[in-house]
Amino acid sequence: FSFSILCFHGKGRCSFHSYHRMATHINMYSLLQKCNALIHMKQLQAYLITTGKFQFHPSRTKLIELFAISPAGSLSYAATIFRQIQNPSTNDYNAILRGLAQSSEPTQSISWYRNMLRCLQKIDALTCSFALKGCARALAFSEATQLHSQLLRFGFDADVLLLTTLLDVYAKTGFLDAAQKVFDGMLKRDIASWNAMISGLAQGSRPNEAIALFNRMKEEGWKPNDVTVLGALSACSQLGALKQGEIVHGYVVDEKLDNNVIVCNAVIDMYAKCGFVDKAFLVFNSMSCRKSLITWNTMIMAFAMNGDGYKALDLLDRMTSDGTCPDAVSYLAALCACNHAGLVDEGVRLFDLMKVSGVKLNVKHYGSVVDLLGRAGRLKEAYDIINSMPVLPDVVLWQSLLGASKTYGNVEMAEMASKKLVEMGSNSCGDFVLLSNIYAAQHRWKDVGRVREAMISNDVRKVPGFSYTEIDGRIHKFINCDQSHPSSKEIYAKLDEIKFRIKGYGYIAETNLVLHDIGDEDKENALNYHSEKLAVAYGLISTVDGTPVQVIKNLRICVDCHAFIKIISNIFNREIIVRDRARFHRFKDGVCSCKDYW
């Protein structure tokens, strides 16, 4: 039998004995590729040394690389072998460099590269590529810029693979303008170049540009692959861009990319984050490939975010009967579903079941239950759970308790939670604002002033609220009292019409939510032009009667806007979908899917 046949059948020991008898006839490189155990690698190393071939045999580099990057290998042992080489080649250096770039300490690859420069070792394109990958994993922007200038000096500026790696480094370190400049300057691009740029924009909070680049890619005749559509779907999910997401989904189906479970998961997530959980569930049920654990978790969380608590719990049961064992994320999604649907008793029962079923609880599970109890007004129980936790509570738990204290006007509990947050070093504007609002609701203006002074002294700035909506494939962004939009005049005219009409439905502005020491008329004016109201008004004047209006808001929707939009959905016979920081609100016929519990 040949070595390859013996290896294929798992007879590694026999194959190595055969190898020693057939050494002159075996392709050494092929042999190295079949190594899957440390002992085999060491046997090959011993052969190279005992036959005197170690110092000049071309397969030596492959052996070093195997030790450096193989799961069965050892990077430190690879370095030991390297030190035995009398005159290491660039390829030998690159083998170690590649292993360092993939290791748990990628910064060492940068040091190794610098050592090559000091030793006047010849640098090739692979050297720069591995060093750049180390920069990407170490998020080392400064070192990447130095490498950029050096690769230009070395004459590698036309190497597509190298430039793609470079723009990927810039994107992953958050310097998207630098990445875009590299991309635009490339004389030639391949599919990986487009994918790196689209993914970088999508993951770097510039999803609009990611979608535009995806469309440009198709216009220029490129054929997106599964990696491309993952980046585009991620961008659509962030923006709630349903129409564009449907176009990408159509492409996925046409090109049969839906055989990839990861792509299917992304499509489900996209529809869920656009507020169309029914479309997400349709994709889930029609999958031709086997569902992964992530598929189930994504769908359970989709129901959770849309307030379909019972459907999420049913799916958790169905998941188990299907033979997929729920993990910690599955249970967390189910707890979130109970939280958003107000299923307090069900959530507490599920949490108790997890504790006796051997599920490893983490701080997020405790946080979800604390939030669940807090929203239901059971502040003492929430506080007791925090104090009984076997792990250290994080900032989010105390923030949840602070938010619940604000909702139920419990000043004592709020002050306790706020004190804990200060002790933990939290400097979030939301913590200060919540405590300030609690004091303001009690007309304790001196305490309000004290909190705001603390904000100023700690240089804490309130995050401005904004909303956006997709109209004809374009994203329109609004801030409170925004008058910068080209259709601003028509938007404000529509809001005036709405304000006149909704008063006949009993709407009264929730001026108690404007926690400033000003008059009621000024408070009402402050409420009238919240960003979500502007976005909804623009949606009404820009879309055909009867079509849904979608809005995404970066903060939690306020009580006044919630009541306002409920009435609008009834007056104009429109479905209005608002995705805020925590969940979806689907307004239709004067009611909201959250059942006024959020």
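Cβ atoms here come from the backbone N, Cα and C positions, even for glycine.
The repeat 'PPR' annotation in TrEMBL covers 159-189, 190-224, 260-290, 292-326, 327-361. As annotated by TrEMBL, domain 'DYW' applies to 506-598.
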Using DSSP three-state counts, the residues of the repeat 'PPR' (190-224) come to 26 helix, 0 strand, 9 coil
Across the repeat 'PPR' (292-326), DSSP labelling yields 26 helix, 0 strand, 9 coil
If you average the pLDDT over the repeat 'PPR' (327-361), what number do you get?
92
What are the DSSP helix, strand and coil residue counts for the repeat 'PPR' (159-189)?
23 helix, 0 strand, 8 coil
